[in-house]
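Record features, source TrEMBL:
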type     : residues                                               : note
DOMAIN   : 95-314                                                 : domain 'Heparan sulfate-N-deacetylase N-terminal'
DOMAIN   : 324-528                                                : domain 'Heparan sulphate-N-deacetylase deacetylase'
DOMAIN   : 618-866                                                : domain 'Sulfotransferase'
ACT_SITE : Lys627                                                 : active site, for sulfotransferase activity
BINDING  : Ser725, Trp828, Lys844, Gly845, Arg846, Lys847, Tyr848 : 3'-phosphoadenylyl sulfate binding site
DISULFID : Cys829-Cys839                                          : disulfide bond
Amino acid sequence: MPIAMAGFRKLARVVRHQGLHRLILALILFCLLSMAYLAYHVSAGPKIKEAPVPLPLGDCVATSVVGGGQRTPLFLPSQVSQRRHSVRTADTSRTEPVVLLFVESIYSQLGQEIVAILESSRFHYHTEIAPGKGDMPPLAWRGQGRYTLIVYENLLKYVNLDSWNRQLLDKYCQDYGVGIIGFYRANENSPSSAQLRGFPLFLRSNLPLWDYRVNPAAPLLYITKPNELEPGPLPADNWTTFLSNHSTYEPVLLASPRPAEPNQLPTHSHQQRALLATVMQDLGLHDGIQRVFFGGGLSFWLHKLLFVDAIGYLTGRRLSLSLDRFLLVDVDDIFVGKEGTRMKVADVEALLHTQNKLRSLVPNFTFNLGFSGKFFHTGTDEEDKGDDTLLRHRQEFWWFPHMWSHMQPHLFHNVSVLAEQMRLNRQFALEHGIPTDMGYAVAPHHSGVYPVHSQLYEAWKSIWVIKVTSTEEYPHLRPARYRRGFIHNGIQVLPRQTCGLFTHTIFYKDYPGGPQELDKSIRGGELFLTVLLNPVSIFMTHLSNYGNDRLGLYTFESLVRFVQCWTHLRLQTLPPIRLAQKYFQIFPDERDPLWQNPCHDKRHKDIWSKEKTCDRLPKFLVIGPQKTGTTALHSFLALHPAITSSFPSPVSFEEVQFFSGPNYQRGIDWYMDFFPIPSNVSTDFLFEKSANYFDTEVAPKRAAALLPRAKIISILINPADRAYSWYQHQRAHQDPVALNYTFYEVISAGPSSPAALLSLHRRCLQPGAYSSHLERWLHHYQPSQLLIVDGVQLRSSPAQVMDGIQKFLGVTPYYNYTQAFDESKGFWCQKLEAGRTRCLGKSKGRKYPEMSLESRVFLSEYYREQNVELLRMLKRLGQPLPIWLRDELHNASWS
C-alpha cells in the first residue's frame, strides 16, 4: 500500500509538471501570434495619413442649391443703370484722410473689430464715444473737413441723434461729400419689423438666413467678386435685413430666410425664395448723403470684405489699397526636421506639382526654401532620399540660408565665430549646387533681426551679401496687424506673417481646435484677411508642413483659390530683393526703424544677447532747447553723487544726439555704449543732455518708444532772447551768414531770401515755438513725466531750482547745491576747495550787446500767440509760470 501511494504521488507530480510546460508553451504561442497579427496590420495600414484635397476652383460658384433645385435668378432692382448715372461720385478732397468712428465703448467687440481693419489697412482714424446727448466733436476747421468718412458702430445712435446734432452732421456730410457706414445689430429686445427713423427704409430683425450671394450691380464693389450663390446657413440667427422701394437703395449682400426643415427647400424652378438684403447701399438720392448699412456685425467674413469695399467707395478710393497682392511662401528648416516628420520623395514631387499648379494662378509663384546644411541626410532612409530629390530639383526653387547648425545668432557674441557658421552653410550650398545669389536670409527663431544683434548684420553682409531679411518680431509679434518693415545697416527687414502652420501642425485631423479651424482661417478668416489687408505678405512655414499630411500645400492652394473666387485681387510672387523694393515703395515711411526697449517684451528679451542690459539706458533726458542753459544744468546735475551723465560724444559737440539725427540709425547698442553700467540699478540715475531734441519733430516719438518711463526736463527762457543768443552763438563760430546780416535782417527774412539766410532764420525762430514743441512731447509722455524749468530762475537761484529737480526725479540722497557767482561771467560757478571755483567754458554765459528795440518788438509780436498758448498749457499742467512769461505777456497787454 505505501508503495502504491508513492507511485501515485510521483505520477501526479509528472502530470503537474507537464501541465505547467503546456501552459508556458501556450502563452508563448499566443504572444507570437499577437505580434504577428499586430505586425501585419501595422505594415498593411497607411504610413502617411491621406492629405485632404484642396478646395477645387469649381466649388467657388455653386450650380444649384442643396436638394437639387434650380438656382433662383438674382434679384436686381429695376432701373439700376439709370440710377447709377445719377449717383454723385464721392469727392472728399476737402477733407483730411481720417475716419471718425463712433463706438459704444472703448471695450465693445464690434468697435475693436472695426479698429482692427482700419489699423491693418493703415488708415488714420479718430474714436469718439457715440453721444446719446451732447455736442458733436468739431468736424471742420477753416474750410477743411477733419474727417473723410463717418462710421457708427451702432446705427441707432446716428438715427436717434437730437435734431441739432443730426442736422450738423448731415450738413457736414452734404457739404464735404462725406459718407456714413452704420451697423445695426439686433438683440432679443429689437422689434421684429420697424421703419428706420427718418429714412424710407424698413428693417426685419432676428432672422436666420440661408444661401448668400453678392449683388453684382452694387456700385461699391471693388475688391469683392460676386459669386452666384454660396449655399448653406449664415452664422448666427439674429440677422437684420433691409427693405425699401425707394430708388436710392441698392442691396449689396442678399440671402434667403432659413427654412425650418431642409426638405422645405424649393425643388422646382418656379418656386422662388425671397431674397433679403443684409447689406444695403444708400446711393444718396434721398438726401444727398451716401451710406452703407450692415444688418449685423463683422463676425461674418463677407461683411468684413464688403466693409473694406464700402470704405474705399465712400472715400473716393482715398482710403483704399490697390488690387495687387504680393505673396512669398518661405519654407524654413529644410533638412532640419526630426526623423519621421521630414519630406520623402513623393512629398517633394507633390511640392513641385503644386508649385506648377499655383503658377497658373499666381504669376511667378515659387516656394522659397531655407536650409541648414548640417542636418542633410539625418532622417530615415526614405527621408534622405527626399533630401536628394530636393537637391536634384534645386533649380526649380528659390533658396535662402538659415544658420548651418540652426543656432540662434544672438548667442554668438563674436562676429568671426558667427561668420564661420555662415561660411559652413555657404560651403555646403556651393558643394551641392544650391543657388546663393538671392540676397535673402532668415535667422532661426528670428533671433538677432529685432532686437538688432549687430554681429548678425555684419556677418550676413560679409559672407552672404544679404540685402533682405524678414521677421515677425518688429515691433512686436502681436497683434500681427502692427508688424512693419525697416532698414538697418543696409539690410531691408520685411514683416513676416504666420499662417497657422508650425512645426507641430503636421496632420489635418489633429490641427489645434480641429480641422475646421484651419479651414475657417483660409475661407474668410485670419489667413484670408492677412492677404486682403496687406499688400505684401511673407508667410512662414516649415519643412514638416510639406511632409506628413502636406498641410502647407493644402493651405496655400486652398487660400489662392478662395481669394480668386471671392475677390478681384491680383496675386503675384516676386523674389525677395524686388519684393523689398516694392514694399518700401508702398510704405516709404517705414524705412526708418523705431527702436524699443527689449526688456519690455519677453519674447524680445529671450532673443537678445545676455551680455546686454537695459540698465544702461537713461532714466531722464534734458531736451533743451538750445541756448537756454542746458549746459549749466548738465554741470549741476553731474555734481550729484547718484546722477551720472552719458559719456561725451567726440563728434557732436559732446552731446549724444541719438534721437534727433543720423546717429539713430546706428541702433541701441551704439547708444548704450555711451552709458556706464550702473553700480546700483535702483538708486543710480543715468541721463543725457541733447538740446536739439526739444524741437526735432521725430525725437519725442523715438524717445518714448525706447524710454517710455523716462522723465523729461526742458528749460525755457524768453524765446526772443533764445533767438538772439543763437544768432550771437553763430557769430562767435564765424558763421558767414550771421556775420554778414544783422539780427533783424535774419529774423525778418522773407521767403525769397537766400537759402543760407532762411536756414539761419529757421534755426533762430522755430525752437521758440514752445507750446507747439511741448504738445508734441506731451503726445508721447504723461504730464507727470515732464518738468519745465524757468531758465531765468536757474540763472538767479540755481540751488532752489536744483532742489525742485531732485524732488521731480525722486533721486536720493539729497544733495545740497552751493554756488559762487563769477561777476565777470554773470553766471553761477561750482565752489571748490581753498576758495577756488570751477566755471563753465568761455562760450557759456557770454555777454552780448543789447538786442535792438526793433528786433525786440518784432519778436514780441511774432511769439505772442505761442506765448499765450504756453500760458494755457502750463495752467492745464499745473506747472508754475516762468517769470519771463509773466513779464512778456504783461508788457504785450500794454503795448
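Quick reminder: no glycine exception, Cβ is built from N, Cα and C everywhere.
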Whole-number Å value for how far the residue listed as 'active site, for sulfotransferase activity' lies from Lys847 (3'-phosphoadenylyl sulfate binding site) (Cα to Cα): 13
Ser725 (3'-phosphoadenylyl sulfate binding site) and Lys627 (active site, for sulfotransferase activity), distance between Cα atoms, whole Å: 6
Other CB atoms within 10 A, centred on Lys847 (3'-phosphoadenylyl sulfate binding site): 10
Neighbour count (Cβ, 10 Å) for Tyr848 (3'-phosphoadenylyl sulfate binding site): 14
In the chain carrying Ser725 (3'-phosphoadenylyl sulfate binding site), residues 6 or more apart in sequence that have Cβ under 8 angstroms from it: Lys627, Tyr848
For Tyr848 (3'-phosphoadenylyl sulfate binding site), the three-state class that DSSP assigns: coil
Number of other Cβ atoms within 10 Å of the Cβ of Lys627 (active site, for sulfotransferase activity) across all protein chains: 22
Where Ser725 (3'-phosphoadenylyl sulfate binding site) sits in the secondary structure, as DSSP reduces it to three classes: helix
PLDDT averaged over every residue in the domain 'Heparan sulfate-N-deacetylase N-terminal' (95-314): 92
